[in-house]
Amino acid sequence: MNRFVPEPSPEPSPASSSAPPEPSQAPSPAPPEPSQAPSPAPPEPSQAPSPAPPEPSQAPSPAPRAAVGRRALRSLARGVTRVTDAALGPYQTAAVRIGFAATWLLFLLREFPHRQELYGPDGPWSWDLARQLVTDNGAFTVLMWSRSQMWFEAVYALTAAVSLLLLLGWRTRTMSVLFMVGVLSLQNHSVLMGDGGDNVLHLMSLYLVFTRCGQVWSLDARRARRARAVRAHGARAGDAAGPLLWGVLGCVLAAVTVGGRFGTAEWTVPALLWAVWLAQAVWWAAGRRERTWRLRVLLDVVGNVLHNGALLVIMAEACLVYATAGWYKIQGSRWQDGTAVYYPLHLGYFSPWPGLADLLSANGTLVLLVTYGTVLAQVAFPFTLFNRRVKNVLLAAMITEHAAIAVVLGLPFFSLAMITADAVFLPTSFLRCLGGRAARARARLLSRTAARGGRAAPPGRERADGEAGETTGTVRTRA
Amino acid sequence: MDAYDEEPNAPRGVQPPPALPEPQTSRSARPAGTHDPQAPDRPAAPHHPTAPAASTAPTAPTAPTAPAEPPRPAGLAALPLPHRIGAVAFLAVVAVAVCTHLGMVFLHVAPPNTVTARHGGAVNEWIYPEFEQNWKLFAPNPLQQDIAVQARAEVRTPDGGRHTTGWYDLSAQDGRAIRGNPLPSHTQQNELRRAWDFFVAAHDGAGRPVGLRGALAEQYLRRIVVLRLERAHAPGPGGTVERVQVRARTTNVPPPKWSREKVSTAPVLRALPWWPVPSAEAEGGVR
C-alpha cells in the first residue's frame, strides 16, 4: 500500500510515538521524572487542558520553581501524548460494545412475541400517544416517520440485525451509529416500557458512537489484518462495501432531512448523524492520497481524542450510577434499619421465585449484611478506582450481585446491562485471557465441524484476540 | 486513577474513522508541504514498547503480517507544528465538552441544590431529551406496598343488554406470568406497573389530570386495561366493552417474620371514575 509511508522499516506495528517529546536537554536540578512509571490511568482529558504551572505564590527561589514548572509541563505533555496517540482501553471498549449489543439483541429476540404491545403503532402506548409526547419533548425516533405496521416491523428487524453486526464488529462505527438510532427509536417511542437497564443502554448507545470500539474482537480487525497481509505482498486491498454503505446511508439521510422527517426531534441526534457521515468521507478521502498523510494522522489523533473522551464519560457514567444509587439509599430508613433487601423480594413484580426469596430473607442478620453491603459497595465503588486491587475485588462483588439480581428479582436484561457497564473497569489481562479462551473454544468447534463436514482447512489463526495496530477503518479501494 | 488497568504496553489500535469532522483542513498542511512524507518531522525511532506485552500475549501480534509493511506515521509527534496546535486545541474542546457533560449529568442526578436552583433550566436544556436518567434504584426506600391495578368493564351484549363484569386483577395476572419465569417480559414487569405510576404522578391530589401528561396517562391506562380485558375474554362472545373502571388496591408488604414491626395489611382501595371506551379501541383497536 505504502501510500504515504515509504520509509522502509521492518517494524510491523505503527510508529508508536508513545515517547513524549522530552525537553531533556534542560539542565534540570530536579531528579528526572519517573517517566517509565506505569501509569495505568484512564484517559483523563480533564487534566490536559489544565496547563497549571504552579502558582508563583511564595516560592523561595526561582530555580526550584522553574524545575517544578518544567516537571508540570513535562507531565502535561505526557498526558497529552497519551490521550492523543492511542485509543485507550481497546479491550474494555470492545467488551462494552459486545455486551450492550448482545443485551439489546437478546432483549429484542425475547420480546419478539411482545414487540407489537411494546413498541407497535397500535400498542397500548400507540403511535398517536407517542407522537404527542415526542412533539412535546423533542426526543428522536424514526418510528414517527410512518404510522404503518410495515415500517415498525422493519425498524424492529433492522435494529436486531444492526445489534448483531455491532456485536460482530462489522463496520463498527457505522453500526454503532445505527445501533444508537435503533435503541433511541424504540425506547423513545415507548419511554414508559423501560427500566434502569433500558436507561443504561440508551445512554451507552450514544456514547459508543464516539468510541473506537472495534479495535479488537471484531470483523473489522480481522479485515484490517487481512488487508495488511495483502498489502505486504504488494497487492491492493479492495473494499466496496464501505463506500457503498456510506453512499446508501447518505441518500437516506439526505432524503430524511429534505423530507423534513426529523420534524420535532431536537437537533442533537440529527447533527450527530450528519457529522459522522461527513467525517467518514473526510477520513476516506484523506487515506487515499499520499500527500494528505498529515491530515490522515491528524484525523487519527482526533479519533483517539474523541474515543478517550467518550471512554472517560462511560466510566464516569458508571460511577454516577453507583454513587447515585448508593447515596440516596443511605437516606432511606429501610436501608438504615437493615431490612431494605427484604421488600423487593416480596413484591409480586420482582419475585419470580418466591421460595428462593423466602429462603434468602429467612435470616434477619443475613438481610442486614446484604443491605449494608449493597450500600457500602455502591457508595465505595467510585473511590476504589484509585486502587487497582481493591477495585477488582469490588468489581467482582458488583458483578456477582448483579448476576444474583438477574435471577432473584427477575431482571436479567437490567443485570446484563449493568454487568456490561462494569466491564469497562475490568483488567486488560483478564479480558485478553477471556478472549483467548473464547478464540480457542471457537477454533475447536470450527475444526470439529470442519472435520465432520469433510473440509480439510482448520480455521487457522483468525483469532478473536486482537493485536497491535489493528484498524477498524474502511480499507481503501485504491492507493 | 487506577481505574481500568490499561496495560501500558497494551496493543494500540489505529485509524478507525473519526466521528466528527476535523476542523483542520488539508490546507493547513500546505505550509509544511515541502516535506515529503519521509521528512524528519516524523518521530525518529519508533519507540517499541511491546516486549513485555508480547510475552504475555497468547498470540504474538506479528503473526499474519510478518512481511515488512512500513509503519505509518502516527501520533502527535509525527505532525508538523500547526497540525499539532490544531490537535491540542481539539483536545481542549473535547476536554471542556466532557467536563461540561459530566457536570450537567451530575447536577441532573444530584438532589435539588443551590446550583440547580439557579441554573436548573440550563441543566434541563442539556440533559433532555436524550440524556435523562434516574438511578434511585430502590432508593431512598424500596417500595413496601403491593399495588394491584384492577379493572372491570361495562359490556354491551349482542342482544342489546348491558352488564358489568367482575373485577379483574391485572397485576395478579402479571405476577402469575412472572412467577417461575427466568426472562420476564417488559409487558409483564413494567407496562402496567409504570403506567400506574405515571398516572399517579400526572394527576393532582383531587385526581385531576395535570397537563399533557395527565391526558396521555389516562388514555394509556385505559388502552392497557381494554387490551387486558379483551385478552381475558371479559366482554364474552359478541360483547363490546363500552366503559371501563380502574381501581388500585394497595396492600402493605407484611414485615419480615424476624422483625417486631407491626404493619396493617388491610388493603386500601382507590377507584377511578368510569371511562367511556371509544368504539375503535374496543373492537380490537389495541393490539
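Backbone N, Cα and C atoms are what each Cβ position is placed from, and that goes for glycine too.
Keep in mind the model is a prediction, meaning the values are calculated, not measured.
The region 'Disordered' annotation in TrEMBL covers A:1-69, A:450-479. Here TrEMBL flags A:20-63 as compositional bias 'Pro residues'. Feature annotation from TrEMBL assigns domain 'HTTM-like' to A:85-430. The annotation transmembrane segment is assigned in TrEMBL to A:150-170, A:200-219, A:240-261, A:267-286, A:298-325, A:359-381, A:393-411. The compositional bias 'Low complexity' annotation in TrEMBL covers A:450-459.
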Chain residues in Cβ proximity to the transmembrane segment (A:200-219) (below 8 Å; excluding those fewer than six residues from its ends, i.e. six or more beyond): 87, 90-91, 93-98, 100, 103-104, 168-170, 172-173, 176-177, 179-180, 183-184, 187, 194, 272, 276, 303-304, 306-307, 309-311, 313-314, 317, 321, 414, 417-418, 420-421, 435, 464-467, 470, 472
Same-chain residues near the transmembrane segment (A:393-411), Cβ under 8 Å, at least 6 residues beyond its ends: 195, 197, 322, 344-345, 350-353, 356-357, 360, 374, 377, 380-381, 384, 418-419, 422, 425-426
Taken over the domain 'HTTM-like' (A:85-430), the model's mean pLDDT: 95
